[in-house]
């Protein structure tokens, strides 16, 4: 198969693994967009004497960063991880053409929406998100009601197409599942949270469609109802990637620990706890809104229930590692899974105080919150997704395994990425605890050192991720260049770690037996 044919097979996929690669490449593109936007907005934050004139550029970079992350990267990455979980469970994506159509159309439409340079924050609260006057423009380039309505309309359609992609994944998973067999733990989490995504993502489509009707049909927007509708999507979306990655950790960590999962029953029951919990705690994003006491108490209880599910995941995986004889951290996939788990513990611990009504005022709308969820992104999501990506590389080429040298450099890259970004996250959290508010371009000079440290550490850490990804890809492509075609393995890369000399002896002995016969 020529290089052009291979590219065509990803651009317009005809098999499960090609669909996975298509969505993976899409997610990496949006990761680049959100990363560039982040470094641009951080450039402004390193200066403590910003003119009000730079506010528009700062908030536009902030909004594009958020939209590219939450509305583009997250659904793409979730679909890639879930699709790969099906592949690893010997299930198939049947409707490859439809998945390609959903991918290309949704990305083009999201690009059109972002081309207007949105300037209102990723959660686009009313009334700012629907204003365009001498005081404020929700979009820097789309300043007329028609253009603003068009932007929200194409976003609605894009989100509907994304929802259709997850519905397709669910349908294809059950259509190809052998009767009487249950899904392995990776696919079980993938399918379960495809359902969560398919249920909650339409809330974003409805919210943006409401804005469209405001511009084209003069339908009034109720601020509180709109916010409630948005957060029914807005809270679960932060788990669209982490929860399928939980399935990946349940799948990989036992392999590299050399034993079965400590309790698969816990892992499977935990799906219900996490799935239901994530759709019931959205109100904790509305702590400063005039909510009744009963609802506030529900926020506390439901969030603790959700935290229990996360804690059970940590306990299950931790016991799997600690009761094993030896964990194979020298394999980059094993190393990535371990870093993801440790990062999730450290990032998750910070979140326990946030939903508590009596404590939240100390942290609400501060950089403490930013530090918490970015730690989760930089460790569990980025490192967890990198772990899956590396296994995708090995799975895509029959017989391929990373060399000892490339494995070493990928481990170095993972630590190189993780250590500085842990520092960034904790610097953000300390600044937030001291009173640094999020989304503010003008700030007291006392916080400038924190912003300088955060930007400096981020610049140090980024090459680590690039090193990990490029070394892995170079090693895989160097191997593939010696192969006539891309092919799917019949045996997992983990089980192929066999001494070559012993393998040759076995083959020779079998030939001898055949000759005697």
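In case you wondered, yes, glycine gets a Cβ from its N, Cα and C as well.
Values in this document were obtained by computation on a predicted structure and should not be read as measured data.
Copied over from Swiss-Prot:
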- 19-39: transmembrane segment (TRANSMEM)
- 64-84: transmembrane segment (TRANSMEM)
- 65, 374: Fe(II)-heme a binding site (BINDING)
- 98-118: transmembrane segment (TRANSMEM)
- 150-170: transmembrane segment (TRANSMEM)
- 185-205: transmembrane segment (TRANSMEM)
- 226-246: transmembrane segment (TRANSMEM)
- 235, 239, 284, 285: Cu cation binding site (BINDING)
- 271-291: transmembrane segment (TRANSMEM)
- 303-323: transmembrane segment (TRANSMEM)
- 333-353: transmembrane segment (TRANSMEM)
- 369-389: transmembrane segment (TRANSMEM)
- 372: heme a3 binding site (BINDING)
- 412-432: transmembrane segment (TRANSMEM)
- 460-480: transmembrane segment (TRANSMEM)
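Counted over residue pairs separated by six or more positions, the transmembrane segment (412-432) shares at least 3 Cβ pairs under 8 angstroms with the transmembrane segment (333-353), which defines the two as touching. For the transmembrane segment (64-84), the list of distant contacts is 16-17, 19-21, 23-24, 26-27, 30-31, 33-34, 37-38, 41, 93, 103, 106-107, 110, 113-114, 117-118, 121-123, 155, 158-159, 162, 165-166, 169, 190-191, 193-194, 197, 201, 204, 237-238, 240-241, 244-245, 248, 381, 385, 388, 391-392: same-chain residues at least six beyond its ends, Cβ to Cβ under 8 Å.
The stretches the transmembrane segment (271-291) and the transmembrane segment (369-389) do not meet in space: the count of Cβ pairs below 8 angstroms, excluding pairs fewer than 6 apart in sequence, stays at fewer than three. Between the C-alpha atoms of residue 285 (Cu cation binding site) and residue 65 (Fe(II)-heme a binding site), the distance comes to 20 Å. The two recorded residues the residue listed as 'heme a3 binding site' and residue 239 (Cu cation binding site) have their Cα atoms spaced 14 Å from each other. The CA atom of residue 235 (Cu cation binding site) is located 15 Å away from the CA atom of residue 374 (Fe(II)-heme a binding site). Secondary structure at residue 239 (Cu cation binding site), as computed by DSSP, is helix. Contacts between the transmembrane segment (369-389) and the transmembrane segment (226-246): present, as 3 or more C-beta pairs lie under 8 angstroms, all at sequence separation of six or more. Taking every listed stretch (150-170, 226-246, 333-353, 460-480) in turn, the largest tally of C-beta pairs under 8 A with the transmembrane segment (185-205) is reached by 226-246. Taking every protein chain shown into account, 235, 285, 372, 374 are the binding-site residues, and of these the Cβ with the most other Cβ atoms within 10 Å belongs to 372.
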